[in-house]
Amino acid sequence: MMRMDNIIFIGFMGSGKSTIARNLAIRSDRIFLDSDLLIEAKFNQNITEIFKNKGEEFFREQEQKLADFFSSCNNACIASGGGFIQVKNLEKIGFCIYLKASFEYLKKRLNEDEIAKRPLFYDEIKAKKLYNERIKSYEDKADIIIDIENKSIDILMDELKKAIK
Ligand code: S3P
């Protein structure tokens, strides 16, 4: 049975998952959860530090623990990290929305500070490769796909409201 009360956003780095999930949480009166923020809060370290001190595999294990927890939640609007789609049982969490954009568009949106927060975006060639490797998984795992390019947050909120009601 598909869970429709939680909404989870997936997509590559820079696609606006956190901003959009937070806005939708406010507008639809849901709880806002963000996988990256929860992991950072737990260890009191930012993502770059966690990758450096504990390694990516450790970070992925933390994402799996959150995925298991999210499946037991109700009425939440969830922002996931770009690699969260690798968790087991993603489909048990809720209605899954892929925020889609081209690599070039995402790259343009991320400034230096935003890139510094993302260890897997430092190297642009590797980031592009990762994007190409993941694109099919994002599409396969999504219940719906929203193209975010050149759309304001208000336009996106209108689209989302129509899509989830
Ligand atoms: C990652 C994306 C990041 C963060 C971590 C790894 C990825 O989240 O979880 O740096 O593997 O794509 P954002 O998509 O919020 O940048």
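Glycine is no exception: its Cβ is also placed from the backbone N, Cα and C atoms.
Because the structure is a prediction, the values reported are computed rather than measured.
For the substrate site, TrEMBL gives Arg60, Gly82, Arg134; the one candidate out of Asp29, Asp34, Asp36, Asp158 that the record lists there too is Asp36. Put simply, of the binding-site residues Gly14, Gly16, Thr19, Arg118, the one whose Cα is nearest the Cα of Arg134 (substrate binding site) is Gly14.
Taken in sequence order, the binding-site residues Ser15, Gly16, Thr19, Asp36, Gly82, Arg118 that lie near ligand 1, meaning a CB under 6 Å from one of its atoms, are Asp36, Gly82, Arg118.
Among the binding-site residues listed here, namely Asp36, Arg60, Gly82, Gly82 has its C-alpha nearest to that of Gly14 (ATP binding site).
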